[in-house]
């Protein structure tokens, strides 16, 4: 048996199991180092699975392109610097005064302000306002606040008065009567309109009506004549019905229909007045809230800082403008400013036009000259005609 085990080809006659065992022994080499002799390793996320053994140690950093080994001392310094930088810095509270906050606030507001964008709607709005004669140029702030005395008057609506008059100027061009409606009238002319307006002014004073009623009455007449063809015999009826409508709109206690019939010497019946009143309201589509000349005159007189004499002279020129048909060519705001300018010229006030009036009217002095000359020259011609007629009648009587 022993001789057989010692003999064999190659490795001898050794059984296969023993040969496998010997090969396993050869492959399983004993570890030359113990746990204590192993280098210390640090566990890193997604890179190292082992636990920390024997202190801190840095694993070699291997690059895909080039292998590089980082020294442990450099790793410790980098970790120390990272920990120091990650520490929360102490919050420093700086107490600033109110003056510094006020200085910083305008800078922040100016930085957050966006540049204006010109849209098609804004451009079309500016074009339409320019065609209506509305001045959209920026104005300087007023030198003197004319509404300061009415600050405690709730009826004066001081907070909204500038917006109200800005709206009046923007809408006065859309609700004005036609300045050429006499061309379409077959039986009446400018002289008949002047006679009717002069008579209504006398009725207005006799019934002690408000001035707003008179200016609204003339507006209703002109607007109705712009739409409807009126016969000559019905012109006074239209004037009486227009004044009745204006009284109901403006007055606290409106006169009765019989009062107007008495003043007109019963030239028409009650039913005619009521039917004409209904016809006028239907033609005007019940739109009576319009900016009249009186609204702008009140504002101009307030800006003029004048006395009662200036007020009476201004309303004198305004009533002369009501009688003239040719003054329909101008906007009510322009006529009101021209009346104030004419009154200041008549009374010899200096200056004739100042910055305060220009701010509140939106009109410069050269813009008023043409309408002022039209107003004064027309009345001067009428005055010369009346004087000539009076002198001629006196000579005839003698």
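First residue shown is number 1, and so on along the chain.
Quick reminder: no glycine exception, Cβ is built from N, Cα and C everywhere.
The compositional bias 'Basic and acidic residues' annotation in TrEMBL covers 16-25.
The feature domain 'Cyclin-like' is assigned by TrEMBL to 198-282 (among others). Break the domain 'Cyclin-like' (198-282) down by DSSP state and the numbers are 65 helix, 0 strand, 20 coil.
The annotation domain 'Cyclin C-terminal' is assigned in TrEMBL to 291-398.
Marked as domain 'Cyclin-like' by TrEMBL: 295-377 (among others).
Annotation comment: TrEMBL describes 1-42 as region 'Disordered'.
Sorting the domain 'Cyclin-like' (295-377) by DSSP state (H, G, I as helix; E, B as strand; all else coil) yields 67 helix, 0 strand, 16 coil.
Each residue in the domain 'Cyclin-like' (198-282) has a pLDDT score, and their mean in this model is 94.
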